[in-house]
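Comments concern the structure below.
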Amino acid sequence: MEVTALRRSAALVARASSQNAIRPAVCAAISSTSPTPPTQIQTQQTRQFSALNRPPPNYPGHVPLTRLERFGLFVGSGLISLADPLRGDLIASFAEATATPYFIYRLRDAMLSHPTGRRILRQRPRITSQSLNIPYLRSLPPNTVGRTYIDWLDREGVSPDTRSAVRYIDDEECAYVMQRYRECHDFYHALTGLPIVREGEVALKAFEFANTLLPMTGFSVFAAFTMKKSEQKRFRKIYFPWAVKNGLRAKEVINVFWEEELERDVNDLRRELGVEPPPDLREIRKREREEKRRRKEMERMLSGRGTEDVIQKAEKEAEVVAERVKEMRNEVVEKVGEVVGSSAMRG
């Protein structure tokens, strides 16, 4: 009897021990299927929301954008720059918003496929007033690239230091390609002779689009519809055909190492690149203003006030002529008197 009781007690103890060992595992299994604590839910939500935020910058000054932010930058800067093509800051933002994902890579590949372009990408030079040595450019002969460039800067009242830094292109090398294009823009102006007036900027943007295929340059051409009718007509007949022809025919201007061409004859460089300067836009605009001024004067003269002015002017001229005739008559009378007197003395 005692042995049997001991065996039963041992069995009960073993059963209790096994149940105690199973209970933590069951509790752990139950706890794994229980609702997530509030703090853990908040952490997951924060992690999901952070995916919508900007990633870390890839280079100094870089501002990464989400797709929504890039779209907003595209719409806002595009509409305002279309109305005012001289807003360089908005045009720069619009260029960066539309250059990716394809077009800036195509321009980068064009540089990589050219020996000079590859050197530019390796050295990454910047075009500023310090790097170009402005006083030296002014000492160059008039027909050189450097002198043509600095004369254009002085005539238009601009500086190479006004180009803003690229911020919205994610790839660092492509960001430099955009920066290089931006800083070379004034060299394109000097090479073609186009001024920074709206008409000249739109014409140069059309040239750049045909040569670089950057979307911003193509969209900028639509700013021609905001110009005056006379300017639109001139752009349609002269400068747009010139831009398309020369932009497609010319070599990739992004591959020009301008810093090494400063002492070269500008016409030789134009021939090498295949760029033919357009008609002088400033001279055309000057002649147009003079023609308008003469036309207004003619209209004023043909009006009532103008007729009165003409009559008064004619009367004054008639008085002057009459006075002169009177003086001439007196002179003739005096001469005749002298002749008669001398004849009488001889007689």
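Including glycine, each Cβ sits where the backbone N, Cα and C put it.
Feature list (source: Swiss-Prot):
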type	residues	note
TRANSIT	1-49	transit peptide
BINDING	HIS185, ASP186, HIS189, GLU201	Zn(2+) binding site
REGION	284-310	region 'Disordered'
Secondary structure at HIS185 (Zn(2+) binding site), reduced by DSSP to three states: helix
For the binding-site residues HIS185, HIS189, the one whose C-beta sees the most other C-beta atoms within 10 angstroms: HIS189
Neighbour tally for ASP186 (Zn(2+) binding site), based on other Cβ positions within 10 Å of its Cβ: 21
